[in-house]
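Okay, so here's the structure we're looking at.
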């Protein structure tokens, strides 16, 4: 039984690591309110020196999220502690227990934060590690699970909404299952799922103090989010001007498909408009749920229209993005009909490796699941939600 439990926990860890890799490199989809597990930050008394951000309306919501994971035992090839931070679902500042290096995957953020601010962020990760490890040790000792492999996960953060207000979220998970959620309105912890009163009391007494969590969600996290947002605004010149490209190809029924692609978008809001004789005929506005990440911290979007052969010169594409207003003609030379024009390669790391990476990572996921389930535990059904994965064994 001990071996079986360890193997099951190890399988859950491998799947969770694969999930993180997919999310980091391919981007994530928008989920419902606070569906991710996050953990740690101020488990102990701290002195608050940050001013509460001034309420100010924004064009689009922004999110700062922390994902943490701690293992009760050392597993070869896996970090015993892992932290990932996300700004608007873009990963940056990974931290692993077995590595003394903490580096940003989003250089625009690091380059424009003061050195002392960046150092404080790194120090916080080490404190969070100790707090999460201590909580995990206490839980396993209380339940007599010291010799088994167990996982404690946490997810917390805050969202800056369009009206300038903020809301926070904080969840804890154990062995792939949600077990504690913080209610920001009542300032209490709730135990997820059915549980005895004794278990509820046990979990609640091990949770971070409500007053410290409130301070983090109401003050510290929004202030950090505002700093990251300001650093991106100050670093917009690093992205260069947005780039607009128009391509065309023959359509089988006597039409030409014009495609307008916009690259190097530094926020998740943009509007693309097709103009005929400088008058709008088709317009699409992209937001956080429809714009595409390029994989390098910028975004991209595209829109197509079908026209009659010979009309290409009548059309142009207009991009409105921040302070930029760019017009690109649909045709600068006579098109060659009868042959499909090759589309230019999409810029950005994510687009260059997206298909091959998705194939490789999907294969890895299948191999891991199949190998572990068939050779070690029998058929399994996997369920993943908000970064937490659980499984049912099929007999």
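Indices start at 1 and increase along the chain as displayed.
Using the three backbone atoms N, Cα and C, a Cβ is placed for every residue, glycine included.
Among the features that Swiss-Prot reports, region 'Alpha-1' is placed at 57-148, with the record citing sequence analysis.
Feature annotation from Swiss-Prot assigns N-linked glycosylation site to 98 (among others).
In terms of DSSP helix, strand and coil, the region 'Alpha-2' (149-240) has 39 helix, 30 strand, 23 coil. Per Swiss-Prot, the feature region 'Alpha-2' maps to 149-240.
The N-linked glycosylation site feature in Swiss-Prot is assigned to 163 (among others); the stated evidence is sequence analysis. Taking the Cβ of residue 163 (N-linked glycosylation site) as centre and 10 Å as the limit, one finds 11 other Cβ atoms among all the protein chains shown.
Annotated N-linked glycosylation site per Swiss-Prot: 199 (among others), in sequence order.
Among the features that Swiss-Prot reports, region 'Alpha-3' is placed at 241-337.
Summarising the annotation, Swiss-Prot assigns region 'Connecting peptide' to 338-368.
Under the heading GPI-anchor amidated serine, Swiss-Prot lists 369.
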Using DSSP, what's the helix, strand and coil tally for the region 'Alpha-3' (241-337)?
3 helix, 59 strand, 35 coil
Taking the Cβ of residue 199 (N-linked glycosylation site) as centre, how many other Cβ atoms lie within 10 Å?
14
Can you tell me how far the Cα of residue 199 (N-linked glycosylation site) sits from the Cα of residue 163 (N-linked glycosylation site), in Å?
40
